[in-house]
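According to TrEMBL, the protein carries these features:
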type     : residues : note
SIGNAL   : 1-16     : signal peptide
REGION   : 45-91    : region 'Disordered'
COMPBIAS : 45-65    : compositional bias 'Polar residues'
COMPBIAS : 76-91    : compositional bias 'Basic and acidic residues'
DOMAIN   : 166-525  : domain 'Peptidase A1'
ACT_SITE : Asp184   : active site
ACT_SITE : Asp407   : active site
Amino acid sequence: MLFNFLFVFTTIFSFAQLGLVDSHVNASGSIFTGIEMPQHSSFGAQVSSTSACDPSVSDQQTSTKPAVKLHLKRRGSADSKPKGKESVEESTYRDLIRIQTLDKRVTQNKNQNQNQNQNILSRLVKEGVSKHYHEIKNAISPAPESFSDQLMAKVESGVSLGSGEYFMDVFIGTPPKHYSLILDTGSDLNWIQSLPCYDCFQQNGPYYDPKESQSFQNISCHDPRCQLVSPPDPPQACTEENQTCPYFYWYGDSSNTTGDFALETFTINLTAHTGKSEFRQLENMMFGSGHWNRGLFHGAAGLLGLGRGPLSFSSQLQSSYGHSFSYCLVDRNSDQNVSSKLIFGEDKGLLGHKELNFTSFVSGKDNPVETFYYIQIKSIIVGGEVLDIPQETWKLSSQGLGGTIIDSGTTLSYFANPAYKIIEEAFVRKVKKYPIVADYFPILHPCYNVSGVKDTELPTFGIEFVDGAIWNFPTENYFIRLDPEEIVCLAMMENSRSAMSILGNYQQQNFHISYDTKRSRLGFAPANCAEL
């Protein structure tokens, strides 16, 4: 039952007791409608006054950042588990849509001048406006606060929202109101559907209304921070002194958002070690106030980016929590009440883990899309055998083709050919103990009948990286058991759409995984995520 172990995040805070949650459900909005962009009246509007951002701090001042921890929880009960084959089919469909999105993002960033990464900052400096560099850098890195407690939040599955994505409920604005946003490690811009909604998909709950928030501030099109987002096509002339900053963000699978680039206050729930709960505010967070939005965002109000770019939620929190975040996903058989974890800041327990391994991210000129977390595979090991896969299969070309990314938003792992065919053939060659089921489930292959077998014995699987790190996986991370038929299938698929390979979240369960952007490395260690 695949949705059983899709770790879909939805952070739930106890604002209901404070009277901050609006129970109204807005049923308006259209799904998958074509967008004909009208002239957005607010694009030429006067912006509200924006406060100056706090100055950035030195590495010495930010070297010892406290970590904050979110508890991630799944919704539903054992009685509501979907059937195995149907849930795998549904998740595979969503994976293929996401792969199309990721692949087109590479092409988009390679062929178009997208102003969504640090190259924009460098260009501004070269053009003689270096004074703006610090303004933008400070906007990305707000002044630190002394967070000494853990950020504790319950997270629930998005299955009830009709989605296989990760959800996190956040509170936005003053007074704060609750919205469910998709967590996406493959994008940067944080955005939310906003009134007036000229063309919006249906979401659970009301649309965000900037007029009802005392902390909403538009960013002027003259503000250097406006250069961090892509303008609509064709771009609009910036003529008025206080004209708003319009943005357009495209996800490649016809999903996109257009609106005003702005600042807002995000509220988080801190739980002290004593168990007492208190609320903290993150002011002047850059986000998109989306007035035209469409795509596969079932039930969500918008998106929260966790990519490597400067606009992502994790990047904007770096001055408070440092340059690391990590997560630990509970296994699919765990109790529904057991929490997964999302942690901002370095986790001392992970850094002291005796089995912790690091591999470097592909970065700089070798990474055509700064948003993605590329890792460099050297070889695949099945049953102790290093498979004869051509090295060219794993290389990221100067044109942005190929390579491997680690992605929390894709369920299974997808390998480009010939890697996938060689991996599949290796398992078929090495598994002789159980009868193969040829026509049982054409989506996944090979599948084996393990009826009556208490402890299955299947070949080991591991990934070796170019810098020597080896990631060995337990059997339950690369074989799916489909009950009640007692069939196990290899939980990997061929990426026939592009040369990119993707390490999905199914392979990441019960590993504590760290994204360290300052040292440009991925950390991973086996863990019992239910007890972290």
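Cβ atoms here come from the backbone N, Cα and C positions, even for glycine.
TrEMBL entries are annotated by machine, without manual review.
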Asp407 (active site) versus Asp184 (active site) - Cα distance in angstrom: 8
Spatial neighbours, same chain, of Asp407 (active site) - Cβ under 8 Å, 6+ residues apart: Arg98, Leu102, Thr185, Gly186, Phe372, Tyr373, Ile502, Leu503, Gly504, Asn505
Cβ atoms near Asp184 (active site) (within 10 Å, other residues, all chains): 25
